[in-house]
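Step one of this worksheet: look at the structure below.
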Amino acid sequence: MNEVSVIKEGWLHKRGEYIKTWRPRYFLLKSDGSFIGYKERPEAPDQTLPPLNNFSVAECQLMKTERPRPNTFVIRCLQWTTVIERTFHVDSPDEREEWIRAIQMVANSLKQRGPGEDAMDYKCGSPSDSSTSEMMEVAVSKARAKVTMNDFDYLKLLGKGTFGKVILVREKATGRYYAMKILRKEVIIAKDEVAHTVTESRVLQNTRHPFLTALKYAFQTHDRLCFVMEYANGGDLFFHLSRERVFTEDRARFYGAEIVSALEYLHSTDVVYRDIKLENLMLDKDGHIKITDFGLSKEGISDGATMKTFCGTPEYLAPEVLEDNDYGRAVDWWGLGVVMYEMMCGRLPFYNQDHERLFELILMEEIRFPRTLGPEAKSLLAGLLKKDPKQRLGGGPSDAKEVMEHRFFLSINWQDVVQKKLLPPFKPQVTSEVDTRYFDDEFTAQSITITPPDRYDSLGSLELDQRTHFPQFSYSASIRE
């Protein structure tokens, strides 16, 4: 096994991803492709102090620019399973050339080594060394039974956004109902969401938990990716909370316990969810939680340049994400804190329409509670919403166990939770599987158009390229049932 060595090190000015200020960081570029940044210069290259930034330069792209400052360079690389861009500047053109040459050399040497370990790495705290192209090759496929769009009846539109739409469908052969997420390849590729989309598919395939949405099929057409998923028709918690304004502590405890159970399972498989928000917390027909991610932005389709600015809804971003620090499982406990605060207090813990002010609040403002909130609930929320992920409830090595052992959950039998033995505090009043009363009628009242306008349907020269991004994108859960 090759010993990892430091190829280049030194100070760089790194531009914040969310708060656009320049921060000095001491970076080490290593022979294994890791590119790690510290607030202070490490006393020894092998010191165990956790870095603030941790990227991989494998398969990276580099670009020189003189904006917004002279001697700037941009690295496009992989962090976790998302393609990201990070901007740096140095004091002279020569220094910039040295960094670019060193990074390119490491990237090239990794390419020559060829594929090593499994192409998808979900380990917490470190970026995946796999390249985007390798991820595409792994894509998704266990079954060869050909599933097509003709196998379904299309009943109602459930949601719509930047990348596509979600439709309630009925499988013709079985009469079963599913939610079909239809994503446009053109948009996924244009917005660098290929890695994220393939990751989502693999996570859905490999997870089996009562409070996580199961994937039944995944297939593609020449211009679409289609996920056929378990359908939960009890509506999302955003829908219910916006009508009821606040939940009782008992109701919030029930939902919180089911979310904790699902996060414990995901973390045990080295998956960090990263996107806990009310819109992603669905209820099934009995009132149990189903965590989903339809991958649709709430704002709908927009051509604005801000689309790519946020990975996740800004109000839910954890302080360590805003500060461009490397993050781990604790981001999910922050997300849990935000949604449970909303449930019990009827508002977000931090809110401002001005994003810069919002970020200041998330980073600096102390959490405040309404007088009506009980002491156990206050203690839980204060613990989950600690700014420092190491001090946060759930941020320690025992992860979910810390949260489960908090006195707010004292009455909860966790075995009963996962076995769905607890009685849901609210049972959706649905009369049939096609009853969509808990979905926004802004969508459900619309007629369904599977074929979008010509400018999206006619892909021309992009078509072949898109097939190379998503080879073997097919999956059927039936072989595992």
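Using the three backbone atoms N, Cα and C, a Cβ is placed for every residue, glycine included.
Taken from Swiss-Prot, the feature active site, proton acceptor applies to Asp275, supported by sequence analysis. The ATP binding site annotation in Swiss-Prot covers Leu158, Gly159, Lys160, Gly161, Thr162, Phe163, Gly164, Lys165, Val166, Lys181. Under the heading disulfide bond, Swiss-Prot lists Cys60-Cys77, citing similarity to another entry as support. Taken from Swiss-Prot, the feature domain 'PH' applies to 5-108, supported by sequence analysis. What Swiss-Prot lists as domain 'Protein kinase' is 152-409. Under the heading domain 'AGC-kinase C-terminal', Swiss-Prot lists 410-481, citing sequence analysis as support. The O-linked glycosylation site annotation in Swiss-Prot covers Ser128, Ser131, Thr306, Thr313, Ser474. Summarising the annotation, Swiss-Prot assigns N-acetylmethionine to Met1 and lists similarity to another entry as the type of evidence. Residues annotated as phosphoserine in Swiss-Prot: Ser34, Ser126, Ser447, Ser461, Ser474, Ser478. Residues or ranges marked as phosphothreonine in Swiss-Prot: Thr309, Thr451.
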DSSP helix, strand and coil counts for the domain 'PH' (5-108)?
16 helix, 53 strand, 35 coil
Could you state the CA-to-CA distance between Thr313 (O-linked glycosylation site) and Asp275 (active site, proton acceptor) to the nearest Å?
8
Using DSSP, would you call Thr313 (O-linked glycosylation site) helix, strand or coil?
coil
Compare the Cα of Lys160 (ATP binding site) against each of the recorded positions Ser34, Cys60, Cys77 and report the nearest.
Cys77
Provide the number of Cβ atoms within 10 Å of the Cβ of Ser34 (phosphoserine), excluding the reference atom itself.
20
Expressed to the nearest Å, what is the distance separating Ser34 (phosphoserine) and Gly164 (ATP binding site) at their Cα atoms?
34
Using the alpha carbons only, what distance in Å do you get between Cys77 (disulfide bond) and Gly164 (ATP binding site) once rounded?
25
Just the number: how many Å between the Cα atoms of the residue listed as 'active site, proton acceptor' and Gly164 (ATP binding site)?
18
For Asp275 (active site, proton acceptor), name the DSSP secondary structure in the helix/strand/coil scheme.
coil
Cys60 (disulfide bond), number of other Cβ atoms within 10 Å
21
Would you mind pulling the DSSP three-state label for Ser447 (phosphoserine)?
coil
